[in-house]
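So the structure is just underneath, and the comments pick up after that.
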Amino acid sequence: MRLLVGLGNPGAKYQGNRHNIGFMALDEIARRHGFSPWRRRFQGETADGSIGGERVTLLKPLTFMNDSGRAVQDAASFFKLGLPEIIVLHDEIELPAAKLRVKVGGGIAGHNGLRSISAHIGNEYRRVRIGVGHPGVKELVHGHVLNDFAKAERPWVEAMLEAITDNADLLVGDRDSQFQNKVHLALQAKGFLDKSDNGAK
């Protein structure tokens, strides 16, 4: 079994925010892979299904970003999951827009959702870091992630969500490098990444 956690803030006012791309990814996975309807539990919303023969539960914490770890801990305890079975999808300002990286453990780069999860369950869970770009100045970061994607950004966002969903079987199958490369190839094919970017770190 795998627990896929998408990070974001609940409520309509945050729905289109860059900080909510984790929620967006899970919504697309649930829709395209025929998951059960969303229901409230574990201080969040969950949907159940399978991808590539693997049982998967999707979790969107409704605790607000800074307390995401409480929901993740509740779900992990209930399903008796180890950290390698937990995959967190989140926005990453340290990556340019339309780039994606998968890693296990490591630093949290100031991301309060990751900070909360690490405090509750430990650090060695898998992260899908979805680049949303950096505003260039530290003081502008808060506003950047809590603003909606600009109209000009929406095509790459849609392409990213589609590529993540198309290749979700690789992600839940622990084939992280293949997943990362397939997503990058899809974004390259649509012109959102330079051909020289092979998805390597």
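A Cβ is built for glycine as well, from the same backbone N, Cα and C atoms used for every other residue.
Features of the protein shown, as given by Swiss-Prot:
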type     : residues                    : note
SITE     : Asn9                        : site 'Discriminates between blocked and unblocked aminoacyl-tRNA'
BINDING  : Tyr14, Phe64, Asn66, Asn112 : tRNA binding site
ACT_SITE : His19                       : active site, proton acceptor
SITE     : Asp91                       : site 'Stabilizes the basic form of H active site to accept a proton'
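What Swiss-Prot annotates, mapped onto the structure for a quick look.
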residue : record                                                               : Cβ within 10 Å
Asn9    : site 'Discriminates between blocked and unblocked aminoacyl-tRNA'    : 21
Tyr14   : tRNA binding site                                                    : 16
His19   : active site, proton acceptor                                         : 23
Phe64   : tRNA binding site                                                    : 15
Asn66   : tRNA binding site                                                    : 11
Asp91   : site 'Stabilizes the basic form of H active site to accept a proton' : 24
Asn112  : tRNA binding site                                                    : 17
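Taking the centre of the Cβ atoms of Tyr14, Phe64, Asn66, Asn112 as the tRNA site, the nearby residues of that chain (Cβ within 8 Å, site residues left out) are Asn9, His19, Thr63, Met65, Asp67, Ser68, Gly113. The shortest Cα-Cα distance between Asp91 (site 'Stabilizes the basic form of H active site to accept a proton') and any of the recorded positions Asn9, Tyr14, His19, Asn66, Asn112 is the one to His19.
Largest CA to CA distance in the tRNA binding set (Tyr14, Phe64, Asn66, Asn112): 16 Å, whole number. In this structure, the C-alpha atom of Phe64 (tRNA binding site) lies 5 angstrom from that of Asn9 (site 'Discriminates between blocked and unblocked aminoacyl-tRNA').
For the pair formed by Asn66 (tRNA binding site) and Asn9 (site 'Discriminates between blocked and unblocked aminoacyl-tRNA'), distance between Cα atoms is given as 9 Å, rounded to the nearest Å.
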